[in-house]
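Chemist: According to TrEMBL, the protein has these features:
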type	residues	note
COILED	228-255	coiled coil
COMPBIAS	586-622	compositional bias 'Basic and acidic residues'
COMPBIAS	655-666	compositional bias 'Acidic residues'
REGION	581-634	region 'Disordered'
REGION	655-691	region 'Disordered'
TRANSMEM	6-22	transmembrane segment
TRANSMEM	34-52	transmembrane segment
TRANSMEM	111-130	transmembrane segment
TRANSMEM	150-169	transmembrane segment
TRANSMEM	181-205	transmembrane segment
TRANSMEM	382-400	transmembrane segment
TRANSMEM	429-450	transmembrane segment
TRANSMEM	527-546	transmembrane segment
Amino acid sequence: MSGAALAIEIVVVFFLALFLLHRYGDFRRQQRMVLFGTLLAWYLCFLIVFILPLDVSTTIYKQCKIDQEGHAPANHTPANASVTPTESKLKPCYKPWSYIPDGIMPVFWRVVYWTSQCLTWLLLPFMQSYARSGGFSIAGKIKTALIENAIYYGTYLLIFGSLLIYVAVHPEWHLSWYELQTIGITAANTWGLFLLVLLLGYGLVEIPRSYWNASRHGHLLIKTYFKASKLMTEKADAEENLEDVMEEVRKASESIKYNHPLRKFIDTILRKCPVEYQEKMGRNMDDYEDFDDNQNTYPSEKSLVKLHKRVIYAVQRHNRTRVQWQILLQQAVHLEDVAKNETSTTHQFVHSFSPPGPPGWFSRYLYTPTAEWFWECLLRCWFYRLLSVVLMAFSVAVVWSECTFFSTRPVLSLFAVFIQLAERDYNYLYIEMACFVTIFFLCTCVYSTVFRIRVFNYYYLASHHQTDAYSLQFSGMLFCRLTPPLCLNFLGLIHMDSAISHQKKEQTAYTSIMGSMRVLSFIANGFYIYYPMLIVLLCIATYFSLGTRCLNLLGFQQFVGDSEMTSDLIDEGKELIRREKRKRQRTEDGENRRRVIEERYGNQRDDHTARNRTSHELKETSYSDTVTAGTPDVTKYSRSGRDCIELLQDAEPLDFDESLTDDPVEAEPSRHAGGRYLSMSSSHSRIFDDV
């Protein structure tokens with residue numbers, strides 16, 4: 001059972017990362033390299049979060065064995081503990097159900113940590129520029145990626161060199177490979193902790209508030225109207241941008257003919273365009289003209305690379321806004337249905353539009369209209385309010401512990417108190433559950449902020465397979481940089497990190513690979529302890545929406561309740577939703593009428609066609625029998641009768657395209673000399689020659 005828990009969590013975490021990548025990425029269209037890099041980054045970060053509680057319980061068991069052997073330090077017993085060292089020795093140590101043997105966790109953490117760091121600082125930035133490049137060859141994309149990352153890598157080398165010089169000027173320090181490794185880890189964790197506190201301060205307030213607002217249907221509907229107005233503006237801008245880019249592609253395609261050396265680049269660009277634009281350009285393109293370098297000016301390869309990059313961005317943005325508009329429209333219609341059904345006395349949830357497909361077994365037997373009404377109109381709001389209160393309590397506990405986790409005598413951190421109470425009885429299951437719930441809440445606050453933030457149109461995680469390659473890899477970079485300092489911060493909250501708590505205790509395997517932070521004392525004793533206190537100011541600023549109000553004053557449209565611009569956008573969004581509902585209602589009514597007509601007259605038309613076919617076959621049979629039994633004088637009439645029948649049965653349309661030509665010189669020799677009326681034996685294409 002010792003290695004089974006680790007193996008199960010490794011498999012479960014992999015499928016969790018795969019599910020999230022499938023939700024945000026597109027397995028069919030995006031490059032395999034982009035998907036693999038993002039999946040690996042997310043998987044490693046989630047793996048650290050899920051495996052760390054097992055490391056904590058294993059470390060507590062090892063500490064118990066050390067105490068029983070009489071080698072424990074004198075200050076191991078917590079200050080608020082009532083258990084004496086003698087009683088602690090007498091109490092037996094039970095091996096946890098998820099115990100991991102010695103030597104496995106250090107190797108595991110070393111592989112996971114350094115792989116994630118190589119991804120976030122070296123591979124993912126390069127792959128990000130490679131995927132965003134508009135080059136037509138692998139060498140061209142690599143060259144572009146190296147040029148774009150030269151400044152990026154140079155900045156980090158400058159920071160690392162500054163820390164290296166700071167350590168080198170102290171004569172009492174002798175730099176070794178272990179100390180250099182510690183300096184690199186400290187620099188990465190310092191950068192990550194700086195960003196972690198900013199994201200955590202926002203998430204601790206916004207997540208409970210978002211669930212509380214979700215319980216208010218009126219507020220949620222008004223905010224949806226606001227989002228609809230903004231999204232329609234973005235959608236119109238994306239369509240206009242796509243039209244402009246497609247016009248440039250059309251001009252380049254018309255100027256570069258089929259036998260031009262750059263024509264293969266044009267074909268690559270055309271394959272990235274939407275299908276309707278490809279067909280339009282294919283109809284208007286004449287590739288039977290040779291190019292002439294002396295008469296025409298042609299775009300260069302560099303300009304085609306830039307055009308290729310713009311096409312990829314414009315098409316992806318257009319598809320994303322179109323899908324998001326449909327999703328937002330469904331949400332608005334559903335919220336309006338909830339508002340209408342709240343006053344229903346029948347307790348039956350009625351939808352404005354019928355579902356697109358037949359209901360499944362879940363809707364037929366479990367989620368019936370009555371159950372849907374009770375959930376949507378009655379229970380859901382109370383469930384969200386209760387969840388919001390629980391999350392709010394967790395947020396208060398995190399803020400208090402972040403401000404007091406450095407105090408070990410007495411222990412003020414709430415999470416440290418909970419762990420130490422469970423440590424007395426060696427309740428490893430409770431320890432692991434408490435650690436998992438705590439670190440899972442911290443990760444939810446941080447990671448949800450990463451999924452919510454949007455940096456204009458350069459970074460934006462959109463669900464339903466609408467996230468571009470640049471944003472996917474950027475999120476992977478953020479996860480790999482935020483997860484290690486997040487785990488160290490969690491270990492500090494429960495007093496399992498001796499660099500912060502200054503207790504001589506058995507270290508976790510995760511802390512052992514981080515090295516001793518005392519190499520840089522001003523960071524271990526200053527920044528790591530006092531900087532997390534800034535989370536109080538960030539929570540207050542988030543509670544009063546100071547950032548949203550500042551962005552609104554700068555001209556960025558934000559949802560502010562007491563703003564006149566917000567009211568105008570809400571009214572505009574309400575009208576847009578009403579217009580789309582009318583359009584959708586007309587479409588659904590037309591489909592219903594067509595279905596009714598087909599059901600009513602379809603069978604009659606089929607019976608009438610079958611009767612006509614049977615009557616026609618009977619007439620042909622009787623006529624042929626009459627001709628066979630007739631006199632020889634009737635033979636000459638039978639032939640004309642057969643001709644009439646063949647003429648009437650000829651249902652093939654006349655083809656005017658085979659010999660029709662626009663050249664009057666070619667058409668003149670085939671014109672008949674005798675008058676305007678043409679013989680039936682001549683080509684049918686000459687009927688309209690005189691028109």
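Note that Cβ sites are derived from N, Cα and C of the backbone, with glycine treated the same way.
Unlike curated records, TrEMBL annotations are generated automatically.
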Chemist: Of the listed stretches (34-52, 111-130, 150-169, 429-450, 527-546), which one yields the highest count of Cβ-Cβ distances below 8 Å with the transmembrane segment (181-205)?
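Modeler: Highest pair count goes to 527-546.
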Chemist: Look over the recorded stretches 6-22, 34-52, 150-169, 382-400, 429-450 and say which has the most C-beta pairs under 8 A to the transmembrane segment (527-546).
Modeler: 382-400
Chemist: Quickly jot the same-chain residues contacting the transmembrane segment (382-400) by Cβ under 8 Å, restricted to those at least six beyond its ends, or write none.
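Modeler: Contacts with the transmembrane segment (382-400): 200, 204-205, 207-209, 211-212, 214-215, 412-415, 441-442, 445, 535-536, 539.
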Chemist: Grab the same-chain neighbours of the coiled coil (228-255) for me: Cβ-Cβ under 8 Å, and only residues 6 or more beyond its ends, written as numbers and ranges.
Modeler: 266, 269-270, 273-274, 277, 281, 284-285, 296-299, 304, 307, 310-311, 314-315, 317-318, 320-322, 324-325, 328-329, 332, 557, 569-570, 572-573, 576-577
Chemist: When the pLDDT values for the coiled coil (228-255) are averaged, what is the result?
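Modeler: In the predicted model, the coiled coil (228-255) has a mean pLDDT of 91.
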